[in-house]
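Annotated features in TrEMBL:
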type: TRANSMEM; residues: 21-41; note: transmembrane segment
type: TRANSMEM; residues: 47-65; note: transmembrane segment
type: TRANSMEM; residues: 255-274; note: transmembrane segment
type: TRANSMEM; residues: 280-301; note: transmembrane segment
Amino acid sequence: MDHHSKWPIFLRLHGSITPEMILPLLFVGGWSTMITCVSKWAHDLGINQLLLTVLGFVVGLALSFRSSTAYERYNEGRKYWSQLAFVSQHLARLIWVHADERHNDPVVGKKDLLAKISCLNMIVAFAMSLKHKLRFEPYAHYDDLQHIVGHLDTYAKAADQPTLNRKQSFFKTAGQFLGLPFAESNPRKLLKKTNVPLGNLPLEILTHLSAYLKSIYDNETLKVSVYQTQSLAALQTMNDVLSGTDRILNTPLPIAYTIAISQITWVYILLLPFQLYKSLGWITIPASVFAAYIILGIALIGREIENPFGDDVNDLPLDAFCGQIRQDIDLIMSKPAPTVDEIVMSDHNELLYPISGLGGRAWAEKSVEEIREALGQKPSIKYRHTESEGADAVKASDNV
């Protein structure tokens, strides 16, 4: 998401599945070369192209199903994170503005303020912990999470095993870059190695948020029933996001479909040289490679976006989403909740522009009749202002 390239799109490698196709295409090139050479110098292996048409329809149907299913999961994951961003902003704003601070007692008022800050930090922590959970990172020691959940009593904190995170070797990194199956890491490895309960950190954070909401209901610092209902609904939405993203992560396309689609695709590709040789001759070799590039490319794109929560280039930018949520909540906390007087009575609040540039404090010194008289003039003045702008534009166009 942060990467910008000035290269034409068809020449870009960042985010492309081309590196993963190098070895399969080399294999297809060698296979088609062998079939072409045998057909040219030993025995003609060419067959009727009718099979190409029949199998092509089946392969196209299978790849379409795979790609549409994968994109549906990707899009659904994006919707859940958009929903989380919305509900985080809503809950943070509701608590910051509508939960009272009892400053008639300085000690209690300060405690209320610190409690609100802790609550808003836990909203950020929920997003961060959800990101790590979806990436099979079950602990609480990560740099973007430890300082906001380290004080909470959670299973993830008690089970911290930072030594399990080891740097990958060069060969493993290169193998993953080239898409070699045996080089792929098992994302659930950390979950299997632990000997203690890992818990569910996002859910535990929601429990702590619920405890805070209960406290402000009990001490009546949030006493309006509508706000109480909205805050509980926000927590429920956050829980829905947790359950929905977990469903996407743990219910991929059934393995039987995946295996069958892969087998059908490779059978079609391997039969291509036999069906193309009679018509194309030596051109069979580049034609087979090019056809394999198209078919395997579509198949690999489906596999690439099937799990949208990883940290690959084509996955959802969860780090950016979490960073935006953190920034929004920091923005909400950066200033005290504004009062009506601060908003209305500001000298820079030009209430009746373009009639007057006077601020709210100046208009407060006028009578109600004067204010209403000015309001009555505003539509016509605004209309004449717009009309004159339009006339000027017409004159300018005539001069051109």
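Glycine is treated like the rest: Cβ placed from N, Cα and C.
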When counting C-beta pairs under 8 angstroms to the transmembrane segment (280-301), the leading stretch of 21-41, 47-65, 255-274 is 21-41
Outside the transmembrane segment (255-274), at least 6 residues beyond either end, the same-chain residues with a Cβ under 8 Å of its Cβ set are 28, 31-32, 35-36, 45-47, 51-52, 55-56, 58-59, 62-63, 65-66, 284-285, 287-288, 291-292, 295-296, 299
Counting only residues at least 6 beyond its ends, the same-chain positions whose CB falls under 8 A of a CB in the transmembrane segment (21-41) are 178-180, 269-270, 272-274, 277, 281-282, 284-285, 288-289, 292-293, 296-297, 300
